[in-house]
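What follows is a single structure, written as structure tokens, with notes after it.
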């Protein structure tokens, strides 16, 4: 059975996912500060916009003005898509306070009320016809109330998947923490992608690993990655080998690299996806 997929078009990411993200999945982007989680989420949205997939960005930790500026930093012009009604920012940061915030169309007044957030998000998705959603950072919603984490994630997931969207939830973890955002969160999402920034012999190494992804095969090794002027690039045909306190970047076995490359080619040959059936009411 062929699994419908959403291509990220992030260099190297579709390869390590053997073709892309299964449609309607909610994927946790987990990692410490400075690892590139927010960049990856925005790159996923912008790559979709360029190819006709409308998108919604939920800002929980940044002012909408700062969000737009961070897109522009990489040359990602979202202004035209906002004007055309194909992209929207849900302001769950300001609570509607301030003159700049008052110009926003989608505002969550009670930023810790997940039901209000769900209602505003639902409206933004319907208005734009969004296929892609990014929430940055979902950790903000339950940081002081870990007991409600799973319920929060499931509430948002029902709205997003029910409206036919595929989503990235950015999740903050402390430096050196091995988890991904808590057991309630980790089991509720469909996929987990971990981004890391580690020091070896005085040098920082960026890496990415797919920890889980339902309905698809995925790479089982840690891949090196870089943040360049145009966004994130993953060295999908290489992996990081750690021995003691040293690190080496090695090429993947040829058969593994070939299988990843072929999987992406096969997805590219598939016919354009049909209109997604909306189930959520």
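Here the Cβ of each residue, glycine as well, is placed from N, Cα and C on the backbone.
Note that the structure is predicted; figures quoted are calculated from it, not measured.
Some features that Swiss-Prot has for this protein:
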{"type": "BINDING", "residues": "31, 32, 33, 34, 35, 36, 37, 38", "note": "ATP binding site"}
{"type": "DOMAIN", "residues": "4-248", "note": "domain 'KaiC'"}
Looking at the binding-site residues 35, 38, which sits with the largest number of other Cβ atoms within 10 Å of its Cβ? 35
In the same chain, which residues outside the set 31, 32, 33, 34, 35, 36, 37, 38 have their CB within 8 A of the centroid of the CB atoms that define the ATP site? 195, 197
